[in-house]
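Some notes on the structure that comes next.
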C-alpha cells in the first residue's frame, strides 16, 4: 500500500530494514551487498531497495536527516509494510577522548533535546532504548568478526550546528558515546509500535577536537558497520 512518502506495494519490503540517512548510501549498500535487488521506492528521492544477502531477504531504505524525517519513514514502514526490525546504520559525532574517527558505536539508549518523544509520551520524559536481543546479538557477532564496537548512550539533537560549550561539557559529564539526529526518535516509534530497533553508527566527526572524515573518506569507512549489521540479521 502506497503512502504519500513511500510509493510501494505491500510486499515490496522485507520485515527487516536497514536504514542509512543518506539515499546515496542506500544505493551503495544495495549494489555492493545485495543480490537480485530491486528499487522499491524513489518518492522524494528517498531511495529504497529490496534484495537478498546470503539468501536472507533484506530491505535498505534511507530515512533522511533528523527525528521528524526518520520517525515518519519508520512509522510508515512499520504500519503500512509490516516491518518488524529496523537497524539504523548511520554516522555520529563523538565527544569522548577514547572514541575516535571511524569507531563503531552502538546506542543502547538515547537522550534528546527534541520535543517529539515528549509529544508521544504526554509531555513526560521517555526512556528511548534499543532492543536488548538486537544489542546482544550484534555484540556477539562483532566478536566473531573481530570488529571493535563501543556501547553507550547517545544524545539525539535537532541542531546540527551547535557551539554551546556548556552542553558539550554536559555530554562529556554524562559519558555520552555518540551524538546524532535520529536515534531517539526511531527508538520512540519502535517502542510505541512494539517492534525491534537498534542504532549502530560510525564516528564521522569528533566534536571536541574538530576532526572529521572527508567526503571521500566517508565512501570507504563504513563497510565494517554495514557488514556487521547485515550479518546480525541472518
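Any Cβ shown, glycine's included, is placed from N, Cα and C.
The active site, proton donor feature in Swiss-Prot is assigned to 205. Residues or ranges marked as purine D-ribonucleoside binding site in Swiss-Prot: 5, 180, 181, 182, 204, 205. Summarising the annotation, Swiss-Prot assigns phosphate binding site to 21, 25, 44, 88, 89, 90, 91 and lists similarity to another entry as the type of evidence. Positions annotated as site 'Important for catalytic activity' by Swiss-Prot, on the basis of sequence analysis: 218.
Counting only same-chain residues at least 6 apart in sequence, those with a Cβ under 8 Å from the Cβ of residue 205 (active site, proton donor) are 91, 92, 93, 94, 101, 211, 212, 213.
Neighbour list (residue 180 (purine D-ribonucleoside binding site), Cβ cut-off 8 Å, at least 6 residues apart, same chain): 90, 91, 92, 93, 107, 110, 154, 155, 156, 157, 199, 201. In this structure, the C-alpha atom of residue 204 (purine D-ribonucleoside binding site) lies 13 angstrom from that of residue 21 (phosphate binding site). Rounded to a whole number, the distance between the Cα atoms of residue 89 (phosphate binding site) and residue 182 (purine D-ribonucleoside binding site) is 11 Å. Long-range C-beta contacts of residue 5 (purine D-ribonucleoside binding site), restricted to its own chain and to partners at least six residues apart, with a cutoff below 8 Å, comprise 43, 44, 46, 72, 73, 76. Comparing the recorded positions 25, 44, 88, 218 by how many other C-beta atoms lie within 10 angstroms of each C-beta, the top residue is 88. Across the fold, the C-alpha of residue 218 (site 'Important for catalytic activity') and the C-alpha of residue 25 (phosphate binding site) stand 10 Å from each other. In this structure, the CA atom of residue 21 (phosphate binding site) is 10 Å away from the CA atom of residue 181 (purine D-ribonucleoside binding site). In the three-state DSSP assignment, the secondary structure recorded for residue 88 (phosphate binding site) is strand. Residue 25 (phosphate binding site) and residue 181 (purine D-ribonucleoside binding site) have their C-alpha atoms 17 Å apart, to the nearest angstrom. Residues 5, 180, 181, 182, 204, 205 are listed as the purine D-ribonucleoside binders, and the farthest two of them sit 30 Å apart at their Cα atoms.
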